Structure formats: C-alpha cells, structure tokens
Amino acid sequence: MKEIVLASSSPRRRDLLKQLGLTFRIMTAGVDETPPGGLTPAEMVEVLAGRKAAAVAGMLEDALVIGADTVVVLNGRVLGKPADREEAAGMLRQLQGTDHTVYTGVAVMDAASKKMQVAHEKTRVFFKSLDEHEIRRYVATGEPMGKAGAYAVQGRAAAFIKGLEGCYTNVVGLPLARLADMLKKFGYNVL
C-alpha cells in the first residue's frame, strides 16, 4: 500500500489518524491560507484543503497526501483561528447560547498520478450560554488558541456543548468516515 502523509501539523488531526490505526508521517508546506473571495464556506475549506495536499504532494514521488482545513460559521460569518486572547474571548461571546456550523474540507491526493479527491463535511454545534467569567477562565487556559472558532470540542470546551448534529470528528478537525471513504477510492482500506 502507498505511504500516507498528513499535510498538517495539527496534533488533533494526528491523533484522529492514529485512532484509525493508520501508519503515516507528517509533512507541511508553506501554503497561502487566504481563500479566494466569493466562495461559500464549503468551497473555501475544500480549496484550502486541496492547496495543502497539493503543496506536500509536489514534494513526493509516491504517497497519498491528506490535507484538511476547518472553519466555524456563525450567521454566515466565518470564524477562523483567533489572533490573540481578546479575539478568542470575542468569538466565544458570539458563539455562546447559539448554534453554529463547523465545515472541514478534506483533500486526498496521489502524488504519483496527481489525482485528487476533495470533499467537505459539516456539523451543527449547539453551545450553552456562558457568562463572562467562564469565557475568561477558558481563554486563560490557552486552549482556544490555534483553533477555529476559539474552542476545542475534545478539550475543556466539551463542557460548553449542548449537542451536535453530524460528525463529531469533523468538529475536532478531520471527518474520519468521510476520509475513510476517500482513501478507499484510492485503493487504501483503513480496516
């Protein structure tokens, strides 16, 4: 079977791939993560996932490269990763007491043939109401930094989640069922 390469330095994506029992290595490439204008959130994450996979695949002769990108969307506005703690707190103030949608784009590219599959998953997340003290304490943990929407569903923010509609691993950053189906189309069975 072909080597699997994860085009991401995300510890969460690494851990999710390990859950599938896959043997893989991690490689990243400097990719412009500025999406072209005028795209829907689904199109945006697919484009960025494809860029990441293609950039790493271009450095390899023969491997299946996985790229991914995740955003949180609230009332039509995309919330990416917060730049600082104040922005993280602001995002959490917006998300508290509402529901929002998490989109993750996934791309799998065969470095040898240059064939690529791109897809996305979306999950609806319901947040409970939070007070300012809870938001400040959570931000002080540092956990919101580097995460779309300023929260980690698999971490302390699990206490904020009332429910989900859709794929849990999508909210973590990599929809495993979707990825397994994509890999299968390249002849790679995870089981």
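Cβ atoms are placed via backbone N, Cα and C, with glycine included.
Feature annotation from Swiss-Prot assigns active site, proton acceptor to Asp69. For Arg12, Thr70, Gln154, the entry in Swiss-Prot reads site 'Important for substrate specificity', with the evidence type sequence analysis.
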Using C-alpha positions only, work out which of the recorded positions Asp69, Thr70, Gln154 is nearest to Arg12 (site 'Important for substrate specificity').
Gln154
How many other Cβ atoms sit within 10 Å of the Cβ of Arg12 (site 'Important for substrate specificity')?
20
Highest CB neighbour count within 10 A among the recorded sites Thr70, Gln154?
Thr70
Return one of helix, strand or coil for Gln154 (site 'Important for substrate specificity'), based on DSSP.
coil
All-chain count of other Cβ atoms within 10 Å of Asp69 (active site, proton acceptor):
26
Please report how many Å separate the Cα atom of Thr70 (site 'Important for substrate specificity') from that of Gln154 (site 'Important for substrate specificity'), as a whole number.
15
Do you know offhand how many angstrom separate Gln154 (site 'Important for substrate specificity') and the residue listed as 'active site, proton acceptor' by C-alpha?
17
